[in-house]
Amino acid sequence: MSQTEEKKGIGRRVQAFGSFLSSMIMPNIGAFIAWGFIAAIFIDNGWFPNKDLATLAGPMITYLIPLLIAFSGGRLIYDLRGGIIAATATMGVIVALPDTPMLLGAMIMGPLVGWLMKKTDQLIQPRTPQGFEMLFNNFSAGILGFIMTIAGFKILAPLMKFIMHILSVAVEALVHAHLLPLVSILVEPAKIVFLNNAINHGVFTPLGADQAAKAGQSILYTIESNPGPGLGILLAYMIFGKGTAKATSYGAGIIHFFGGIHEIYFPYVLMRPLLFIAVILGGMTGVATYQATGFGFKSPASPGSFIVYCLNAPRGEFLHMLLGVFLATLVSFVVAALIMKFTKEPKQDLEAATAQMETTKGKKSSVASKLVSSDKNVNTEENASGNVSETSSLDDDPEALLDNYNTEDVDAHNYNNINHVIFACDAGMGSSAMGASMLRNKFKKAGINDITVTNTAINQLPKDAQLVITQKKLTDRAIKQTPNAIHISVDNFLNSPRYEELLNNLKKDDQA
């Protein structure tokens with residue numbers, strides 16, 4: 001294997017790990033927001049203080065949210081059975097450290113117990129006497145839950161206490177030394193070229209929850225989510241950009257600032273690598289502003305939208321929130337404008353930059369791909385139904401795997417029994433939701449009413465999936481998750497000619 005291929009393989013594995021972390025947190029963001037509203041509104045210094053209702057905030061962050069995260073992690077590994085026992089075992093960590101929200105502990109315990117439950121069943125089920133299945137299933141789960149709850153209480157809890165102490169001390173040291181803005185030097189480039197949701201939800205969300213539970217709010221929720229640096233880049237393109245980049249920057253700015261989908265500005269930075277300086281300085285400015293004003297959120301600002309920022313702003317600190325976003329935007333814009341004004345035009349166009357971003361992130365971006373319109377054709381050979389046995393031998397060659405499943409030849413498949421189409425993306429929320437909504441509208445206009453269209457994360461694709469639509473860089477992972485399904489790859493969730501081809505095939509099968 002060449003060094004380049006090895007690096008790509010490592011990148012895919014790290015991206016998949018980051019995706020797994022965010023898949024535990026993102027489905028539970030609604031619970032975080034509900035807790036944040038209760039804390040912001042009903043606590044003593046909230047918008048409408050209520051002593052009785054304020055008592056909800058503590059148990060929610062101490063028990064409810066860690067249990068939800070543990071359940072999500074266990075379910076990702078071993079469906080409901082893994083999720084239930086994972087949540088059970090996590091109680092050991094929670095009870096051992098009742099004063100610290102055990103989000104990190106839940107993120108460890110959930111997948112671990114889910115995996116152990118899976119291995120336990122694989123060991124016991126083939127040896128279970130006929131007629132004793134329910135007894136063995138229930139007792140094996142109960143015994144594992146018992147053992148892991150004790151292990152969580154006695155082993156993982158002390159370890160988590162030590163880890164949380166080290167991390168808290170590190171964050172506090174940065175805050176007291178007024179060095180927290182320096183974190184942006186790592187965060188801003190990392191989220192553009194590699195990990196996005198994993199940084200916010202895998203690192204800042206659990207640490208921020210611990211800080212918010214103790215101090216009432218956390219600045220950590222603002223570090224990655226501030227829409228200002230990205231808006232500054234896009235404003236610079238609106239004024240000083242040329243061609244396609246300038247024309248598309250207006251729509252991108254609206255999607256980014258109000259929709260909170262940050263990945264849409266990543267290609268604009270990659271077109272001119274010097275713009276990394278602009279987003280870093282913009283991010284540092286935002287963090288420095290919030291640190292100087294003592295600003296923070298009570299719950300995660302997800303997605304990183306200005307609307308979410310407005311809704312999450314604590315009482316009496318709305319102007320502080322506006323100031324942080326405005327200054328981050330201003331600094332990013334000024335630096336980007338200077339770079340664009342006094343440096344040469346990039347050799348790389350927007351389409352190439354989008355492709356580069358998707359390669360480094362190990363995933364395709366529908367909102368970024370919306371900026372360009374291109375379809376790439378690859379040679380295809382056989383239907384997915386005949387390829388399940390060959391998948392394992394192609395795991396290390398994503399292109400061959402896609403060829404083997406005819407992912408870009410819509411006409412190569414039989415759609416007679418299809419009644420469910422699933423759009424799958426990394427997190428299962430933003431881009432796949434937009435793609436599913438768009439295809440539902442196309443089906444409605446075409447009079448196709450007997451096919452359901454939904455969206456999900458790749459990690460949560462059901463084993464009995466019939467037809468899965470993914471962006472090309474993610475299709476190999478989707479195939480490994482659901483090898484029996486028909487898989488279609490697109491370059492752009494919102495603008496692909498393959499949808500019309502799919503509609504034509506479905507109409508033919510319906511008329512046959």
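Each residue, glycine too, has its Cβ placed from N, Cα and C.
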**Request:** Please find, within the list 55-75, 97-117, 202-222, the residue stretch that Swiss-Prot describes as transmembrane segment.
**Result:** 55-75
**Asked** Regarding membrane topology, does Swiss-Prot annotate Leu53 and Pro314 with the same topological domain?
**Response** yes
**Per Swiss-Prot, the range holding transmembrane segment, considering 239-258, 279-298, 419-438** = 279-298
**Asked** Out of 29-50, 55-75, 171-191, 279-298, which stretch touches the transmembrane segment (319-340) the most, going by CB pairs under 8 Å?
**Response** 279-298
**Request:** Quick one: average pLDDT across the topological domain 'Cytoplasmic' (341-512), no decimals.
**Result:** 73
**Request:** Quickly jot the same-chain residues contacting the topological domain 'Extracellular' (162-170) by Cβ under 8 Å, restricted to those at least six beyond its ends, or write none.
**Result:** 100, 104, 207, 210-211
**Prompt:** Other than its close neighbours in sequence, what residues sit by the topological domain 'Extracellular' (299-318), given a CB gap under 8 Å and a spacing of at least six beyond its ends?
**Reply:** 26, 29, 32-33, 35-37, 39-40, 45-47, 200-201, 204-205, 208, 212, 217, 221-222, 224-227, 257-262, 293, 325, 430
**Prompt:** By a simple count, how many Cβ atoms lie within 10 Å of the Cβ of Cys425 (active site, phosphocysteine intermediate), its own Cβ left out?
**Reply:** 28
**Item:** For the topological domain 'Cytoplasmic' (76-139), the number of residues DSSP places in helix, strand and coil
**Value:** 53 helix, 0 strand, 11 coil
**Item:** Secondary structure composition of the topological domain 'Extracellular' (51-54) [DSSP: H/G/I, E/B, coil]
**Value:** 4 helix, 0 strand, 0 coil
